[in-house]
Amino acid sequence: MNLHLVDSDGHLEAEKKLTEYLTSIVAPSVSPSRGSATADGDYGNGALEAVGLNYHVVGVFGGQSSGKSTLLNHLFGTHFQMLDETVRRGQTTKGAFMALANTALAGLEASDVAVVAPRLAPSAADRSSRLNHAVAAAVTNNTTGGAPPTGSPLLVLDFEGTDGLERGEDQCFERQLSLFGLSIVDTLIINMWAVDVGRFNAANLSLLRTIFEVNLQLFSHSNYEAEEKPTLLVVLRDFTEDDPLPSLTTVRKSFDTIWESITRPAQFEDTSIDALFHLKYYVMPHYRLQKEEFMASVETLRRWFGDSRCSDYLFSYHSMFRGVPLDGLPAYLTNCWAAIRTSKDLDIPTQREMLAQHRCKEAKEQELMTYRDFARGYEDRLLRGEMLLRLSEVLDEEMETRLTAFYRQTKLYSSAVVGQYANELETELVDATMQVLNRLSKAIATEVLSNVESRVLNSVEESLRQLLKSAQTLPFSAGEDSSTTEPAEAHDADEDAARLLGAQRMDSAACQRLVRGFWRTLSIQVKEVVAEVAAMPPRAHLYGRYAVLIVQDPTTRLNVLNIVTDAFFQKVKSRLVSMANSACDTMHSGFERSLTYNSDGTVRFFATTRGLQKAVPAAVQAGLVVLGSLFYFRLKLVSAAVSDDDDLDTGATAALPQSRSARRVRHNRCHIVFDDNDAEAAFYLSYSTLDTAPKYPCDVPVPTLDCDREEVGVAADCVLLSQQATVRAYELYKQKCDFTTQLQLRAAEAGNQRLPAWVIPALFILGWNELLYVLTSPALLVLVVVICAVFFRQFFVSQWHAFEETGPASVVIPVRTVVHALSALVRSLLGDGQGSCPERAARNGSDVVASGEREMAHVKVTSTHADPAPSNTTVPTAQATMRHRTTHKLD
């Protein structure tokens with residue numbers, strides 16, 4: 001059962017209710033023979049009198065939401081309300097709560113102790129401080145009669161956390177609770193996170209300064225006794241290091257620093273902090289990560305409070321060291337709180353700091369208001385569509401004027417306080433400046449985006465086309481030799497195509513290199529567009545009517561570049577997300593492109609079903625490589641401070657002024673890069689065969705979207721396809737590929753006009769005399785050759801294509817080489833070429849090398865279908881018979 005001792009508004013519970021509460025929690029632990037029942041049957045007061053001084057009070061201070069209530073509940077078996085992190089983080093304990101420790105817990109068992117005679121009562125009336133007069137007023141009859149009780153109650157106080165959003169900068173209530181706690185407790189627990197050791201604000205060292213100051217106020221009287229000092233127990237929570245000594249040494253140095261910085265009475269001028277406190281330290285393991293070790297440390301710490309035989313027992317006296325009997329505790333608390341609430345000097349650390357803070361805050365608000373009024377005028381002019389040249393320079397000059405005025409008004413105050421408020425003023429001034437500059441920059445960025453948006457989106461399509469060209473010529477790592485087995489009949493073509501397709505094994509490492517090449521190419525092409533936007537002098541076709549303004553305002557120019565870069569990144573990501581949502585259609589489009597066009601961009605025709613069957617595996621492989629490129633977004637928008645690619649906007653930042661707004665804009669500069677970390681480098685699809693779905697990288701952990709992680713890994717918001725979506729896309733893709741392949745096979749079979757194999761030998765046998773006559777007559781031979789070249793050219797070409805598709809590679813490749821050489825020689829002799837054969841061959845070879853290096857670096861492939869050649873020809877639309885798409889959006 002808990003008592004709300006002090007509510008959030010600073011109201012203490014009534015004295016009568018305090019008495020009733022203490023009676024209700026203490027009476028069960030007191031033997032009836034120990035209590036002195038009155039004539040009115042008031043057994044409760046007798047129970048409190050029976051306890052006398054034989055009790056202890058423990059309190060806890062610390063930052064808000066730092067686990068104070070959790071620690072007390074585990075340590076003393078109390079039931080204070082704890083923070084529910086699933087709902088929100090905020091204030092849980094408001095004011096102060098009191099509860100009785102569960103003495104049935106291991107380490108807190110009741111033990112027989114002798115009650116020490118009250119030592120402080122005779123001198124209480126002689127104390128001079130107002131708080132100690134309250135003590136004397138409360139302790140009027142502090143002698144306890146009868147034998148001591150069998151148990152020593154332990155009262156636990158849970159105080160409101162400091163540094164909370166609800167209180168804001170108001171530290172008055174915090175200091176009042178600190179003074180109230182020190183006037184009550186025997187042991188004060190300071191709850192501190194181990195990671196905050198060495199910090200001032202995060203470790204709540206301002207609270208410790210308050211505790212030291214108010215404790216000096218309590219004991220600045222002439223009758224001060226050296227034994228009259230509480231125990232300060234510093235508990236370091238979530239400690240994960242092996243050696244606590246460095247952290248404890250740092251904590252002690254922080255205490256000494258605070259102690260030396262406060263103003264002390266003459267009697268404590270040359271003393272250390274140990275003159276006012278018994279300092280103790282304890283470290284506890286992580287509450288969540290080391291739950292068992294944490295509970296073990298709780299049991300150990302509990303013995304410090306309950307086992308008098310423990311070497312670290314905290315209560316040097318077996319009785320309440322303030323000398324206040326339990327029946328006088330309600331009056332003592334009431335008088336102490338009344339004295340604290342009327343003490344106005346508790347509102348501030350010192351009068352001098354208060355005055356400096358008040359004056360600096362007033363000057364800061366005045367200058368900030370003046371600047372905002374100034375900036376609002378320019379913002380209104382921008383809303384009216386005015387063209388403001390050198391706007392950033394005007395705003396920077398006004399910022400300097402406001403900061404100079406602030407320093408002039410506060411030059412006589414504490415430099416530390418002035419510096420703090422000056423930094424706050426500068427930050428808020430720059431924020432107001434950026435608000436105006438962003439309004440102008442967004443208008444310019446809109447103009448730029450309207451002119452280059454299509455180029456950014458085309459870079460995605462161009463990178464995908466280059467990926468398909470490289471994937472189309474990527475050889476398989478292993479597979480059956482399809483050239484040794486030919487279908488016996490035309491109706492077995494579908495079965496043979498399926499067998500050939502499943503027999504191919506993909507080169508997984510080469511496919512992953514192609515995926516990396518796709519993202520590297522995409523990042524380079526987007527950077528080229530960004531570089532054009534950042535080029536000086538600015539391009540008129542990009543900036544339009546803002547070109548003159550951009551030349552005269554470098555800060556605005558770089559701010560526009562920041563906005564444009566971010567917009568490019570978002571547009572590219574949006575486009576890739578859209579492609580991933582319809583991954584099956586995107587893959588099938590790549591399959592159709594690879595099946596319909598050669599690697600050089602020319603249209604591909606199949607004279608036989610065998611040629612079509614040989615081209616299908618490479619086309620299917622190209623679509624699977626596209627899937628590997630779509631399932632994770634690999635571009636990043638990184639700060640220019642951490643990016644190695646600083647050559648992109650050297651011209652944009654070279655002439656940038658060193659003003660405050662320019663520094664902010666430069667700090668916000670980002671680059672679009674492709675840079676996989678260690679986790680992302682392993683987050684690629686693994687390929688085996690064409691009839692097996694790519695293996696999803698399940699061994700690489702992917703955090704949830706709401707998980708706050710500082711370590712570098714796979715970004716959850718960049719995963720475009722889950723494992724289920726990847727498998728589903730593969731299955732739909734295979735179905736569409738099979739359907740398209742069947743249609744093409746049937747079309748090839750229907751258009752097959754090849755002569756039967758016995759026709760050619762029969763013609764030679766039956767027409768041997770005529771053939772011999774033609775061969776022996778030069779004029780007739782020339783006439784026949786001309787007629788065949790004119791009227792039967794297409795027939796011979798189709799037969800040659802059929803031979804290329806069906807003939808053995810050992811024969812096709814040499815014959816093709818000879819034919820190409822003869823064709824080049826004839827064209828050079830006829831003078832219709834673009835130079836000599838060696839020159840053109842060298843030029844074509846260099847173009848091929850340059851194209852390969854530029855499009856897909858780090859991927860070495862050999863053509864298995866056609867000779868690669870450079871081409872800038874726009875790819876035509878695929879044939880209508882190959883358009884069999886449906887809109888499937890994958891979850």
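Backbone N, Cα and C define each Cβ position, glycine as well.
Per Swiss-Prot, these features apply:
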TOPO_DOM  1-754  topological domain 'Cytoplasmic'
DOMAIN    52-318  domain 'GB1/RHD3-type G'
BINDING   Gly62, Gly63, Gln64, Ser65, Ser66, Gly67, Lys68, Ser69  GTP binding site
TRANSMEM  755-775  transmembrane segment
TRANSMEM  779-799  transmembrane segment
TOPO_DOM  800-891  topological domain 'Cytoplasmic'
COMPBIAS  863-880  compositional bias 'Polar residues'
REGION    863-891  region 'Disordered'
COMPBIAS  882-891  compositional bias 'Basic residues'
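Sequence features, as recorded in Swiss-Prot, placed on the structure.
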residue: Ser66; record: GTP binding site; Cβ contacts under 8 Å, 6 or more apart: Gly161, Asn191, Met192, Trp193, Arg237
residue: Gly67; record: GTP binding site; Cβ contacts under 8 Å, 6 or more apart: Leu83, Asn191, Arg237, Tyr287
residue: Lys68; record: GTP binding site; Cβ contacts under 8 Å, 6 or more apart: Val60, Phe61, Gly62, Thr93, Asp158, Phe159, Gly161, Ile189, Asn191
residue: Ser69; record: GTP binding site; Cβ contacts under 8 Å, 6 or more apart: Phe80, Gln81, Met82, Leu83, Thr92, Thr93, Asp158
Gly63 (GTP binding site) CB neighbourhood, other CB atoms within 10 A: 20
Once Gly62, Gly63, Gln64, Ser65, Ser66, Gly67, Lys68, Ser69 are set aside, which residues in the chain still have Cβ within 8 Å of the Cβ centroid of the GTP site? Leu83, Gly161, Asn191
Taking 10 A as the limit, how many CB atoms besides its own sit near the CB of Ser65 (GTP binding site)? 19
According to DSSP, does Gly63 (GTP binding site) sit in a helix, a strand, or coil? strand
Neighbouring CB atoms within 10 angstroms of the CB of Gln64 (GTP binding site), all protein chains considered, total 20
Helix, strand or coil at Lys68 (GTP binding site), per DSSP? helix
What is the Cβ neighbour count of Gly62 (GTP binding site) at a 10 Å cut-off, with all protein chains included? 23
